[in-house]
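Trainee: Below: one structure in structure tokens.
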Amino acid sequence: MGPPESAAELAAEAVELREPELQLADPASPGEEHVDVEAEGAPGRGRCWPCGAWACGSRGEPEAKKKAPCPGLGLFYTVLSAFLFSVASLFVKKVQGVHAVEISAFRCVVQMLVIIPCLIYRKTGFIGPKGQRLFLFLRGVFGSSAMILMYYAFQTTSLADATVIAFSCPVFTSIFAWIFLKEKYSLWDAFFTLFAIAGVILIVRPPFIFGSDTSGMRESYSEHIKGTFAAIGHAVLAAITLVILRKMGKSVDYFLSIWYYVILGLPEAIIILFVIGEWSLPYCGLDRLFLILIGLLGLGGQIFITKAVQIEKAGLVAIMKTMDIVFAFIFQIAFFDNVPTWWTVGGALCVVVSTTGATIRRWLQGSK
């Protein structure tokens, strides 16, 4: 769901589970009901932004009369989602003196304040349908844990490295879907998995392969390793979350899925904070503003990526989602004066090729 749910989780989530009448979205992260606020209850067509056309079909209308959406609108939503997730990640990195777990707790509080009115308005309840509550519980636990690990990765290693590794989520999703959902796992999937692992190795640069050279790293190698494993843990947990959402299908409201994510994530974060003794009061000024914006930007990114896959081909969305990495590179250079190493660039290319290839291949198989 940055991010979350991170960008990687929500991106993979949305691309993996795209259906014509999608109700459920998973980054990644695929299983949640769409949020079409404009179309809700609107019998006619309205003005489309950014194209400005009154005849645009991106607004809700009777299905028999519905036309194709505004050209490029889905890709615009994808880029906007990537930007919002990346800005949220930047704010996580900029917050001073607040542990990643505490940032996760603040995000849960902010999103909870938004989700509760939405659930009341949509009259979906707060528990969920029978038979799905266990899956919702697991989705909440794994999703919130993935968020905590992602924020910890942002704090301990570079934005680019953490984002690239988290982007490998779809590769792990294919493996878990093969194990738990009995989906087909081909030689192509194995190739993409190995290619993604190669990309992660280039970023980690383990000493037994690359020696003791740590040039280009701002943080110590021990901190870099911690952040790297946190990002890998995020990708794995996000992939499990996607599989759970796919198992649930379309029977769970999008906002209800997020509700379990925040209502379980908040006590989880509070318990961890007291165990590790890292609770602290955020500084006045920008830090508190950043904490609020992290929650709002994360929710906005979730909504836009969900809307994007409803009106655009999943393969194109998968390609455009690489903007997450582009924004991470730009922000790392612009705000931290930290130029990514060529190892990171090479690793990013490997991960992008593998995850994009795996997603497009799955989309092509589903369209046959």
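A Cβ is built for glycine as well, from the same backbone N, Cα and C atoms used for every other residue.
According to Swiss-Prot, the record shows the following:
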TRANSMEM  72-92  transmembrane segment
DOMAIN    83-205  domain 'EamA 1'
TRANSMEM  100-120  transmembrane segment
TRANSMEM  134-154  transmembrane segment
TRANSMEM  161-181  transmembrane segment
TRANSMEM  190-210  transmembrane segment
TRANSMEM  225-245  transmembrane segment
DOMAIN    236-360  domain 'EamA 2'
TRANSMEM  256-276  transmembrane segment
TRANSMEM  289-309  transmembrane segment
TRANSMEM  316-336  transmembrane segment
TRANSMEM  340-360  transmembrane segment
Trainee: By DSSP assignment, list the helix, strand and coil residue numbers for the domain 'EamA 1' (83-205), in that order.
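Mentor: The composition, in the requested order, is 97 helix, 0 strand, 26 coil.
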Trainee: Mind looking up the mean pLDDT for the domain 'EamA 2' (236-360) in the predicted model?
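Mentor: Mean pLDDT, the domain 'EamA 2' (236-360): 88.
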Trainee: What counts of helix, strand and coil residues does DSSP assign across the domain 'EamA 2' (236-360)?
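Mentor: Reading the DSSP string over the domain 'EamA 2' (236-360) gives 102 helix, 0 strand, 23 coil.
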